[in-house]
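Novice: Take a look at this one; I'll ask things after.
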Amino acid sequence: MDLTIAILVTVVGASTPILIAALGELVVERSGVLNLGVEGMMLLGAIAGFVVQFHTGNHYLALICGAAAGMAASLIFGFLTLSLSANQTATGLALTIFGTGFSALAGASYSARPVTLMSPIFPELAAHPVLRVIFGYSFPAYFAIFMVFAIWFFLKRTRAGLILRAVGENDLSAHSIGYSVVKVRYFAVMFGGAMAGIAGACFPLTLTPQWAEGMTAGRGWIAVALVVFASWRPFRLLGGAYLFGLVMTMELYAKAGGGPLSAIPSELWAALPYIATIVVLVLISLRRDASTNAPACLGKPFMPSN
Amino acid sequence: MMRYRLEKRPEPSKLMLYGTPVAAVVLTMILGCLLFSAIGYNGLRAVQEIFLTPLTNPYKWQDLGIKAAPLIIIGTGLSVAYRANVWNIGAEGQYIIGALAATGVALMTWGMSGWWILPVMAIAGMAAGMAYASIPAFLKTRLNVNEILTSLMLTYASVQLIYYLIRGPWKDPMGIGFPQSRLFSEAARLPNIIPGTIVHLGVPIAVIVALIAWFVMSKTVFGYRMRVVGAAPHAARYGGFSETRTIWLAMLVSGGLAGLAGMLEVAGPFQRMVPGFPTNYGFTAIIVAFLGRLNPLGVIVAGVVLAITFVGGQVAQTTIGLPDEATGIFQAMMLFLLLAGDILVRYRIRRVSPEASVGAA
């Protein structure tokens, strides 16, 4: 029982950054833009969050600065793909290469310097042996779940959400009835950048209290894959992210404790999230509605005829 | 007030197509100088050391050659794939798997001699790279699974495979606990082609590979088909060109060449498998392919340019203490600027007089 609860708590912690990043990318893709720079924006958010926490000791300020770093990076992507209609795939890759290099440069003098992890927001309940499954987390875990509901509500129930979906489904019609496709997409891309930045900041602030080069280890790419897995629906994203959190947590427990799990080489466990991503993408492709649910304009540059 | 607007060109501009990569490199030097000055380095020195020293110092030329070789080989394969609109971004993984297959051959033949060992290693490397690339190809053609994500995930998995092999079955018995393979036998190491230098056989092979690819892509039906499928998939279908076959060919060519580069790298500079083998050549080659305008001849030039930044980055590290990571920033900036300049290939900037713009509105 204790072990089960310990595992569940770890799962939620490991899933949270992926969920936050994937929620941002979901909104971006719903507006018809494919930003493959999530990994790079996460690393920029991670280093910004780390540096601010290291110097100020304020976790919330660190999260906000992480969001700002991610958003600033997303503006480079937005300018190239939306204002200059550059190829989205290539620009996203460039953003990831840039984020990897820039965060490594900025963090070079900070390696092996510790920061403190965020503490749970309900300290008394977090110490309870059972209730900590629900109340044992710091702010980002609840923020992620709140955003699942908020984004669902925004997309389904608000006028702005409807416009965003219209822009993603049929940019030319949205344009012809007077909506600014480029402006809507800029907002979506910036939101995605801020979410990726927060997600990245979660790594030094809630998982491992230090800066390490490339510390997001491909989680940004897994977030991109999760959006496909979730068929662009927020609630499926929630389930998908926790599923991946479970896979990653199994690695930790297999390495730590003996038992049958430790007979499997630790490298296989480390490779498992990536293999699981491929398996999940295959499974999702077998479902009939998989591709039909993708936003129709995803990844295509907006080219009005004039 | 003067106003400008973009106007679509009737045909893409050739001048801009080949002029923008040059402009991107020059602008990277200028912006890089400003950026590094802003964060407290000597920006001018940084640009000078990174972009000029590798060219002006003849001792660095051999480094340029061996750094450019894998970039050119992988970049050539990627340029073929991207031409066909097949987004293989897992070249790093195919490069690693190719190197692992070559390492396997080298270890199996350890202590033996014979001219045949290196060719067998090369074939094993290419075959393994192709096999690894065929996973995304199969998933894309059969199940329409996005090849970007699958090829990338396989890259992360391949790194773990290195760790497993060199900590376990391939661990050097004489390695005093270091996770690395044995040093290859003489017959499994690439010969140096210029005595007294580190220039190995991989350097001329890279140029030959790019030249062959250029010939095939621009002068044969195969190349024509790849280009048509990439540029106009609907027209290609009418013309009887199969999209499935094109995806397979694109993946196999890019995977095979990445595997070959992996073999040359492990048999050349490394001569054994170590945990630090993955050095992101597979990712940097993406920039090489774009900077070379997806043209194998351009890829040769772009491969050398990127090699300059690698070698220059090391120079700047020792002379002015610029962190190694700065290289990656210069490389990413180059790609950003190149992509930004793409708009000038398809559009031209027209000055509009105020009256005309009022009339248009």
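All positions are counted from 1 along the displayed chain.
Using the three backbone atoms N, Cα and C, a Cβ is placed for every residue, glycine included.
In case it helps, TrEMBL gives these features for our protein:
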type: TRANSMEM; residues: B:21-44; note: transmembrane segment
type: TRANSMEM; residues: B:64-82; note: transmembrane segment
type: TRANSMEM; residues: B:94-110; note: transmembrane segment
type: TRANSMEM; residues: B:116-139; note: transmembrane segment
type: TRANSMEM; residues: B:148-166; note: transmembrane segment
type: TRANSMEM; residues: B:193-217; note: transmembrane segment
type: TRANSMEM; residues: B:247-267; note: transmembrane segment
type: TRANSMEM; residues: B:273-291; note: transmembrane segment
type: TRANSMEM; residues: B:298-316; note: transmembrane segment
type: TRANSMEM; residues: B:328-345; note: transmembrane segment
Novice: Go through B:21-44, B:94-110, B:116-139, B:193-217, B:328-345 and flag the stretch with the largest number of C-beta pairs under 8 Å relative to the transmembrane segment (B:64-82).
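Specialist: Stretch with the highest Cβ contact count: B:193-217.
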Novice: Assess whether the transmembrane segment (B:328-345) lies in contact with the transmembrane segment (B:148-166), where contact requires at least three Cβ pairs under 8 Å among residues 6 or more apart in sequence.
Specialist: no
Novice: Given the transmembrane segment (B:273-291), which of the listed stretches B:21-44, B:94-110, B:247-267, B:298-316 has the most Cβ pairs that are under 8 Å apart from it?
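Specialist: Checked against B:21-44, B:94-110, B:247-267, B:298-316; highest Cβ contact count belongs to B:298-316.
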Novice: Where else in the chain does the transmembrane segment (B:298-316) make close Cβ contacts, counting only residues six or more beyond its ends and a cut-off under 8 Å?
Specialist: 18, 21, 25, 45-46, 49-55, 57, 60, 63-65, 67-69, 71-72, 75-76, 79, 206-207, 210, 284, 287-292, 322, 324, 326-327, 330-331
Novice: Residues of the same chain, at least six outside the transmembrane segment (B:148-166), with any C-beta under 8 angstroms of its C-beta?
Specialist: 87-94, 96-97, 100, 103, 132-133, 135-136, 139-140, 179-181, 273-275, 277-278, 282
